[in-house]
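Visitor: My questions will all concern the structure given below.
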């Protein structure tokens with residue numbers, strides 16, 4: 001037979017095989033050449049049939065199917081993945097999955113299932129993933145999962161499970177991920193997880209747990225994530241996590257925890273994220289957080305913490321994000337942040353702080369962003385930022401600040417965002433150095449609200465940045481004198497502006513009574529019709545303008561660069577997406 005006849009025969013066989021392969025694709029479904037079948041739409045009210053015999057992936061989504069009869073999958077024994085989600089499915093017959101021995105992934109999520117037949121899964125003992133989330137299941141039984149020795153992931157969140165029977169997971173020895181979140185159970189047996197030695201992720205969030213029995217997690221030596229947030233937990237047993245040395249993420253937020261037992265976190269060397277926000281903590285004992293050499297994030301906002309003692313976080317030398325906002329902090333010990341040499345984000349806003357020690361940030365050499373807004377700060381020590389040269393963002397808005405020390409920001413070359421608005425700034429002559437610095441660094445104030453004078457009454461409501469430099473003198477009795485002692489050194493602010501303005505403000509009142517007749521008229525006008533003094537003032541004004549323009553341009557460039565570098569880090573200040 002000639003070669004061309006062989007080729008024609010081969011093509012004919014392939015065409016015949018292809019037609020056989022896709023023969024029987026239901027009209028309401030689409031069948032692809034990759035053995036994938038998808039059936040979607042509200043018009044589907046019963047299981048489509050016949051299904052292609054070679055189907056390996058079947059998706060039935062968003063239909064009005066309410067029941068799954070027996071033997072509907074007998075002719076598709078090669079099926080590997082079955083996804084029946086977002087239907088009206090309320091009843092599944094016991095033999096519905098017969099002949100699906102090759103099935104690896106089964107999802108029945110987002111249906112209306114209340115009960116499952118005990119032997120429903122007996123023919124799919126090779127399953128690796130089983131998703132039963134967001135149904136209305138009220139109970140699960142040990143026999144339902146007895147044949148799943150290969151199961152890796154079991155999702156049961158979003159049901160109405162009132163309790164978890166002891167032994168229900170005993171045969172799931174290969175399970176690595178178990179989600180029981182958003183159910184209604186109130187307690188756990190201490191032995192319910194005793195055979196899950198390979199479990200890596202356990203999620204128990206959004207239940208009504210008030211107590212976790214000692215030993216509940218002892219068998220979970222490979223656990224990496226434990227989610228217990230949004231329960232009603234009031235106390236934690238001291239050794240509750242001692243056998244979970246591989247734990248990396250621990251979520252305890254939005255509970256009723258009022259006290260952390262000493263040593264509760266002592267055996268967690270690999271932990272990198274710990275959330276405790278939304279609890280009732282009143283104090284932090286020194287050493288309660290440690291040693292945890294890999295911890296990167298510690299979230300403590302929205303508690304009732306009133307003070308921070310020395311060395312509260314001294315064992316967390318790799319910590320990068322510390323969130324303490326929305327507490328009742330009124331005192332921070334000078335050594336509270338000892339050991340936090342790698343901290344980059346510190347949130348202290350919305351507390352009751354009135355004063356801060358000048359050394360409180362001295363060990364935070366790598367700090368990039370600090371938020372102090374919404375406190376009651378009356379003043380800041382001049383040295384408070386002395387050792388944090390890399391600061392990019394400082395938020396001081398909505399405090400009780402009337403002035404700031406001379407040169408407090410001068411060494412912060414990377415500073416690109418400074419918030420000072422909503423403070424009662426007192427715009428007398430003492431504010432001049434800050435005023436002059438703000439003029440040269442206006443770009444760092446951003447585009448939102450600028451700081452506004454609160455007093456004296458003559459300048460109330462005027463912007464501290466653009467107000468006329470002829471401020472009223474300080475409110476003292478007697479003749480006005482230069483306020484030299486208020487600032488140890490005037491060299492850190494622009495000399496020309498501050499000196500000329502101060503000279504005008506503090507001019508002796510005797511000048512007003514000088515006998516003009518005793519002064520010899522001197523005509524020292526130059527070629528532009530101005531006196532030498534006038535020429536000097538004009539030149540000085542031009543120089544000041546050029547310097548101010550150059551500094552503002554440099555600040556803008558710095559700000560743009562800083563914001564790009566800090567964007568990824570700033571994103572960490574947002575509340576965490578826990579599970």
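Using the three backbone atoms N, Cα and C, a Cβ is placed for every residue, glycine included.
Small disclaimer: the values here were computed from a predicted structure and weren't measured.
These came from Swiss-Prot, pasted as-is:
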SIGNAL    1-21  signal peptide
TOPO_DOM  22-536  topological domain 'Extracellular'
DOMAIN    22-53  domain 'LRRNT'
REPEAT    174-195  repeat 'LRR 6'
DOMAIN    423-473  domain 'LRRCT'
REGION    476-509  region 'Disordered'
TOPO_DOM  558-579  topological domain 'Cytoplasmic'
Visitor: Taking residues 6+ outside the domain 'LRRNT' (22-53), which of them lie with a CB under 8 Å of any CB in it?
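Guide: Distal contacts: 59-66, 68-69, 72-73, 75-76, 78.
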Visitor: For the repeat 'LRR 6' (174-195), give the DSSP counts of helix residues, strand residues and coil residues.
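Guide: Residue counts in helix, strand and coil order: 0 helix, 3 strand, 19 coil.
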Visitor: Grab the same-chain neighbours of the repeat 'LRR 6' (174-195) for me: Cβ-Cβ under 8 Å, and only residues 6 or more beyond its ends, written as numbers and ranges.
Guide: 133, 149-168, 201-220, 227, 579
Visitor: On the 0 to 100 scale, where does the mean pLDDT of the domain 'LRRNT' (22-53) fall?
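Guide: Summing pLDDT over the domain 'LRRNT' (22-53) and dividing by its length gives 90.
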Visitor: Taking helix as H, G and I and strand as E and B in DSSP, count the residues of the domain 'LRRCT' (423-473) in helix, strand and coil.
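Guide: Each residue of the domain 'LRRCT' (423-473) counted once, the result is 19 helix, 7 strand, 25 coil.
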